[in-house]
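Enquirer: Structure provided below as structure tokens; questions to follow.
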């Protein structure tokens, strides 16, 4: 606890000493010198049983002669920087303590001596002199607490000057007491906290405690100490409270104390359970204020102070991680313990591949010299060859510093790499932090970089030649530069071809859909593919005064939605046992669950993939969420209903299982959970009409989303609106802020990926990344992007996997989607709207031709690409069988929906409703 600068009284004349025995001040110094002072708590100085002398404090100083907390002030003149020590001996006004401060340049040493004699004479010896008879030396280092830590550099010790440290946080300490009632023990603890100047807040229930913690975190006023009444589990479940606090964001270093009955200390299982739940220390109940005060003092020094220091280390780790220089830390056996982000880029490896690796695995050079020098506490400085993953070695200047954390032998080695000037090009091509603003050097990093985007960032008059001379090392810049160099030394024909290539590279949307040529004699396929892959802008945006077909203001009806009986129906359970099989009968599940396939299948998938534990949520919350999501799928839709959602979710689960079995690019638990959630909600509240229809009818959703990705944006938005709108179904409520943000981003991205207008773009990117014959090495530059591509392709294939299902399921899905398209065409005719798919007329449409075109132009390439990645040959097998069947129907003249139903009766609940 610092105090304001003080002023010394005028110094006595040269050779004159004051009545306190002070040494004379230099005559060149001003009479009034600005001084810094440290307040010393009297609790640090134990009173002696023997009498001492009474010394009077300065008459005009700031010393305290009254009060129990302070024994006075020690004044230090920063101008005292002589080579030898000058001493200011000041008394505290107490009979038992003398405080001496020695100023040696910028180093200050403070000692406290206690008088042990009873002669009544004052001890005046310094730390460098001989003690007078009747006195003994007693040097006590001042262990300052955070609130006492001086902020001026003059109070740093010699070790701090050699190895500068970051001061720990220095806020006013706050304590939260969780007691079900304010009894005598609670009052004693409160008084002890107040004695040590802690700001105390008392709450009386778990809910009130958690609410207080959340509010304090929101206002950046966290509690440093939480004391929980653990004497009776009937009143407060201390174990549950402690565990909940530990899982609350921002409280992993909060000190938690449990007040227990004395009898608990005879039962180690009770105390161990509390400690395992996150309690730092268990203390026995007592109403003795002195005992509470001493116990609290120990906690402040032995737990809270170290926790503050530990929290400060995060600043150092963050600084290390963001350094452009490469930093490695190993143990004494040369096993890598830490690597920063620059190391990841240098070695072309992920951090989890680097940590715990032997250092010899990344160096080509012999490391014996380093080991020998570091054993003798000598630094190493030399050139070593670093082995990058899948690339040749690079000679680099390396400095190695041994550090002895415990004892005198080195426990860690710090490696610092300097990249030689000739090897700097590799660092510029690697991705930089995402948070870098667009237009900065760090933002120029993706393969889809468009040269023209530079113009929007203030370089409008920069030519391409000048651009390539800048230190912008994006891959597209290198490609253009290399092609320009090749063009200078090639024939005229080759130069013209390169010009065309350069022109394509300068365009936006390198992966934009390129429609394959469709036979002009196949108008149905033309209509279908055109409607799926073309944006709504090609249609007229005719205004209509008709009401929107989208329901608005629908409320969350949790209680009325969940089926009355959701017991373990043996038929349902037997069917769900095969829920990960590609032959799973989703239509049978639709029938036996009475139109609730998503609820039952969703709960089964959540259990199989441990989603409850991943989201840290109760099963009933997930059940309620699935029920609400399913209720917002419209039963009036023949295709885009909850059965389709359940089918996509089932396919997603099957794909995740296959990825796990192959141990290739395995998704983590959170990615699996978000993929299943996205699949379940990817078409929620679908109106049974296409985005083009909504745009043509001037629907409110089309206006809201500017005619762009209308339905998919609505599905993603309504998913989070429903989820966050009711705490009873909020499956994300126990996630921390960063995890929720990441999960939300993944779910939205996967739902938007189901939009067919970007089908070829996603497919082309996926093939360009995963289409190589050679196995792909892990690369931290692209792992995140490839994971995104993989998740997008996963849900895309799951969404349109109907032609790759067993034939009876494929035909039923074709019947349902055709019926939905027919209903849209009927409404377009009735409302005099542009006909999006004119050939989808129920009287004239050829279902086989539409499916043949869909497989040829959409499904075939995507299924082959996905199957080669995931290794599920049944996808191709079923697709070929179904394609042959549709060809056969077409040759037989089986075209209309009625004819198809006669050949292949509908299956599932929808069949019974016809």
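Glycine is no exception: its Cβ is also placed from the backbone N, Cα and C atoms.
A quick note: this is a predicted structure, and the numbers were derived from the prediction, not measured.
According to Swiss-Prot, the record shows the following:
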ACT_SITE  640  active site, proton donor
BINDING   644, 682, 683, 799  divalent metal cation 1 binding site
BINDING   683  divalent metal cation 2 binding site
COMPBIAS  116-129  compositional bias 'Low complexity'
DOMAIN    312-359  domain 'PAS'
DOMAIN    558-893  domain 'PDEase'
REGION    1-27  region 'Disordered'
REGION    113-138  region 'Disordered'
Enquirer: Three-state secondary structure of the residue listed as 'active site, proton donor' from DSSP?
Expert: coil
Enquirer: List the other residues in this chain whose Cβ sits within 8 Å of the Cβ centroid of the divalent metal cation 1 site residues 644, 682, 683, 799, in sequence order.
Expert: 640, 645, 648, 679, 686, 754
Enquirer: Tell me the coarse DSSP state (helix, strand, coil) of residue 799 (divalent metal cation 1 binding site).
Expert: helix
Enquirer: Quick check for the class: what is the C-alpha distance, in angstrom and rounded, between residue 799 (divalent metal cation 1 binding site) and residue 640 (active site, proton donor)?
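Expert: Per the Cα atoms, residue 799 (divalent metal cation 1 binding site) and residue 640 (active site, proton donor) stand 11 Å apart.
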Enquirer: For the C-alpha pair, I'd like the distance in angstrom between residue 682 (divalent metal cation 1 binding site) and residue 640 (active site, proton donor), rounded off.
Expert: 10
Enquirer: By DSSP, what is the split of the domain 'PAS' (312-359) into helix, strand and coil residues?
Expert: 22 helix, 12 strand, 14 coil
Enquirer: Just name the winner among 644, 682 (the binding-site residues) by count of other CB atoms within 10 A of its CB.
Expert: 682
Enquirer: Could you state the whole-number distance in Å separating the C-alpha atoms of residue 683 (divalent metal cation 1 binding site) and the residue listed as 'active site, proton donor'?
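Expert: Distance (Cα to Cα, whole Å): 7 Å.
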Enquirer: Taking the domain 'PDEase' (558-893) alone, what is its mean pLDDT?
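Expert: That region's mean pLDDT is 90.
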Enquirer: For the residue listed as 'active site, proton donor', what is the tally of other C-beta atoms lying within 10 angstroms of its C-beta?
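Expert: That number is 24.
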Enquirer: DSSP on residue 682 (divalent metal cation 1 binding site), three-state: which is it?
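Expert: Its secondary structure by DSSP: coil.
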